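Peer 1: What Swiss-Prot shows for this protein is this:
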BINDING   N7, E385  Mg(2+) binding site
BINDING   K14, H209, L210, G211, N212, G213, D283, A284, R285, G331, L332, G333, E334, N335  ATP binding site
BINDING   R92  substrate binding site
ACT_SITE  D149  active site, proton donor/acceptor
SITE      H181  site 'Transition state stabilizer'
SITE      R242  site 'Transition state stabilizer'
Amino acid sequence: MEILVLNLGSSSIKFKLFDMKENKPLASGLAEKIGEEIGQLKIKSHLHHNEQELKEKLVIKDHASGLLMIRENLTKMGIIKDFNQIDAIGHRVVQGGDKFHAPILVNEKVMQEIGKLSILAPLHNPANLAGIEFVQKAHPHIPQIAVFDTAFHATMPSYAYMYALPYELYEKYQIRRYGFHGTSHHYVAKEAAKFLNTAYEEFNAISLHLGNGSSAAAIQKGKSVDTSMGLTPLEGLIMGTRCGDIDPTVVEYIAQCADKSLEEVMKILNYESGLKGICGDNDARNIEARKEKGDKQAKLAFEMCAYRIKKYIGAYMAVLKKVDAIIFTAGLGENYSALRESVCEGLEDLGIALHKPTNDNPGNGLVDLSQPDAKVKVLLIPTDEELEIALQAKEIAEKLK
């Protein structure tokens, strides 16, 4: 079975094609800067007998044009003979709201609901829907499965996902915590349970997906019971350009003091805050280099980021009571050893103790970073959201045969 995974952003398309016999990628790639003056198309073949890479700068007018280019080059490069040989397509859909708690086979009704949920994810859901609509028109016989970023967190109890606002705002406008990165949190939690030889249904963990966008999740008996992101991905941890948790009154105060519109303030919170807001840079490598040279702003940004993560670990340990593992994943979680060290520092009384030499040089793949006698394992697990989407799509596609 061959499954194509599509992840359409506001101006990009990421894809990965899998052979599900061995869960191995056949090809992967990216179309970016869609709608801009000059875009870029990258496609890499992972076939042993046909290793090649395409990199091309060209105009990519819209998402449909990008998908056409990907389809054309998959056959031109000899990765597949015909696009119609693909058994199913799994789509990453960012916002499933209260409607979608699990992956679902796409039909007209599902497409309408994804469209309606665009109000909660105006940058992402319309792009996700554009990919679904393209395939529906061009290849109506290929089953499409929508996999929602929010679905893993659908198991949160109401006391964790509700905001202390007038209840009618939830009833009328569905204002609540949804959480994101669910596919990633789910994938690494399953990998961790497998690695520790623990039944997933009994597994408790704190998963830290740390990238330019970051979130923490409390996982109890294999299910999400709390997460740091909220109605949108703005809440929670300090991120590359997002502020994370702040006093809501700050929005009004900035608007008044700086004479900004609501839209302008939200732009500041989403794109000009976080690490970038504190030190002018959201590239962790630059921040680390500056910090080592004694740059005070870089040091402050780093310390604020680590401190916020540490606070969430403490909160989630109180929620879970028993924790089998702390999981670090995604770009920063997998590659930023100094951040992992700072986050875990001083948590020995909670059973968390890093083995510094392993943390500094973890190598590749899944690694246990903890001291041998540590009560709580600290694991570095590379995430693979595309594979998790493919696995969930496969489960539904197989039932159709």
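Including glycine, each Cβ sits where the backbone N, Cα and C put it.
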Peer 1: Looking at the recorded positions D149, D283, E334, which sits with the largest number of other Cβ atoms within 10 Å of its Cβ?
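Peer 2: By the 10 Å Cβ neighbour count, D149 comes out on top.
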Peer 1: Out of K14, R92, D149, L210, R242, E334, give those recorded positions positioned within 10 angstroms of N7 (Mg(2+) binding site), comparing C-alpha atoms, in sequence order.
Peer 2: K14, R92
Peer 1: Looking only at DSSP and grouping its letters into three states, which state does R285 (ATP binding site) belong to?
Peer 2: helix
Peer 1: Within a 10 Å radius of its Cβ, which of these binding-site residues (N7, N212) has the fewest neighbouring Cβ atoms?
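Peer 2: Across N7, N212, these binding-site residues, the one with fewest Cβ atoms within 10 Å is N212.
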Peer 1: Rounded to an integer, what is the Cα-Cα distance in Å between L210 (ATP binding site) and D149 (active site, proton donor/acceptor)?
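Peer 2: Spelling it out, the Cα of L210 (ATP binding site) and the Cα of D149 (active site, proton donor/acceptor) are 15 Å apart.
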Peer 1: Are any of K14, D149, R242, D283, R285, E334 (the recorded positions) within 10 Å of H181 (site 'Transition state stabilizer') when you go C-alpha to C-alpha, and if so which?
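Peer 2: Within 10 Å of H181 (site 'Transition state stabilizer'): D149.
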Peer 1: Have a look around H181 (site 'Transition state stabilizer') and count the other CB atoms within 10 A of its CB, chains all included.
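Peer 2: Result for H181 (site 'Transition state stabilizer'): 30 other Cβ atoms within 10 Å.
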Peer 1: Pick from K14, R92, R242, R285: which of these recorded positions has the biggest number of other Cβ atoms within 10 Å of its Cβ?
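Peer 2: Neighbour-count leader: R242.
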Peer 1: Can you tell which of the binding-site residues (L210, L332) has the fewest other C-beta atoms within 10 angstroms of its C-beta?
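Peer 2: So among L210, L332, the binding-site residues given, the one with the fewest Cβ atoms within 10 Å is L332.
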